[in-house]
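As C-alpha cells, the structure follows; a few thoughts come after it.
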C-alpha cells in the first residue's frame, strides 16, 4: 500500500511537470531526461539483487543491529549501483549542452565531483576511512565544481537591514562565496551520512529532498515561461540543469529504496550517502539555489548541531550511534548518543524501526514544504519590503 501511494504521487509529479511546462522550450529536454530516468529506475531495481550477492560473497556485508536476528548478513555498499546508473543517465544527456561550451564545462565538472564522491564512498565501505579523510576529501572533490562555477557571487541583504547598517542591498562576496559553496559541499556529503542507521532513512530523506528540489526548479522555470524570459534568462538555464539531473537521481534512488525499505534486504553504505550529498551540492550550486538548499536540509542541520559535541570529541563518540533494540519488546530505545534518532525516541518514546523512519521522513517532508514556502513567498516580503 505504501509503495502504491508513493508511486502514484511520483507519477503525478512526472506528468505534472510536463503539463506545467507544456509549450515551453524546455519540454523536449525534460521528457528525454524523464525517459532516461525510467530506464535508470528499471536498471537499478534489477541490478541490485545479483550485485548484492556478489558483494556479499566478497565480504562486503554487515549485520542489522536493530533486528532480533543480528547474525543474518546483509549485503552493503549497494549505493554503487544507483551511483553508476545515474552517471550513465546523465552522460547520455550531455548532448543537450553540446552547443554551449560554458554549460558543458559546468555539467562535466559537476559529474566529476559526483563521480569522485561515489569512488570515495565505495573506498570507505571497503577499507573504512578515518573521519579526518572523510572531511578532507570532499573538499578536493568539490574543486572542479567551484572552479567551473560561473554564476553570481553576490547576495541580497534585506532592505531594512541594509538601511539600518548603511550597506548596499546587494553585496559581492567574491572568493568568500566560493568558500561558502565549498563548505556547503562538505556539509551535504557528511550530513546525510550521519543521519542514518535505520532501514530506508538515508535513501528516504534523499528522495524527499529531491522532490522538493524538483518542485523548486519547476516553479522557477514556470515563472520564467510566464514572464516570457525563458529563452534569455540565465537563471532559467541553471534551474533547467538542476531539474535534468534531479530526475535520474530520484529514479535511481527509488530503485534502491525498493530494496532498502524496512525490512532492508541491502545496505546502501557510505557510497550512497556521499553520492547523494555531492549530488545535492552540485544541483544547488550549479542550479544557483545553494542558499535555498539549506532550507531543505533543516533535519540534517539539526542532527549535525546535536552531533557536534561527539564529532568534536568533547563527548566520547562510538562507531555506531544508533538506537538499541529491546529484544523483549522488539522496539527501539534511545541511547545516550546525540542524534536526531535518539532525540525522537526520547520525545515520543520507544517505537518500531519502521515507525521511527516514518516519523523522521514526515518531519523531512514538513521541513522541505516549509522551506519552499519561505523561499517563494516569505522571502519576497523579507528581502524587498
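Heads up, residue numbers simply count up from 1 along the chain you see.
Including glycine, each Cβ sits where the backbone N, Cα and C put it.
Curation plays no part in TrEMBL annotations; they are all automatic predictions.
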Between the ranges 334-355, 356-377, TrEMBL assigns transmembrane segment to 356-377
Per TrEMBL record, range annotated transmembrane segment [choices 4-23, 104-123]: 104-123
Counting only pairs 6 or more apart in sequence, are there at least 3 Cβ pairs under 8 Å between the transmembrane segment (29-48) and the transmembrane segment (104-123)? no
What residues in the same chain, six or more past the boundaries of the transmembrane segment (104-123), come closer than 8 Å to it by Cβ-Cβ distance? 77, 79-80, 83-84, 86-87, 90-91, 94, 97-98, 129, 137-138, 140-145, 147-150, 185, 189, 241, 245, 269-275, 277-279, 281-282, 286
Same chain only, please: residues at least 6 beyond the ends of the transmembrane segment (207-225) with a C-beta under 8 Å from a C-beta of the stretch. Say none if there are none. 10, 13, 17, 20-21, 23-24, 26, 233, 235-236, 239-240, 242-243, 246-247, 249-250, 253-254, 257, 280, 283-284, 287, 289, 292-293, 296-297, 361, 364-365, 368-369, 371-372, 375-376
Under 8 Å Cβ-Cβ from the transmembrane segment (356-377), and at least six residues away from its ends along the same chain, one finds 198-201, 204-205, 208-209, 211-212, 215-216, 219, 262, 289, 292, 295-296, 298-299, 323, 332, 340-341, 344-345, 348
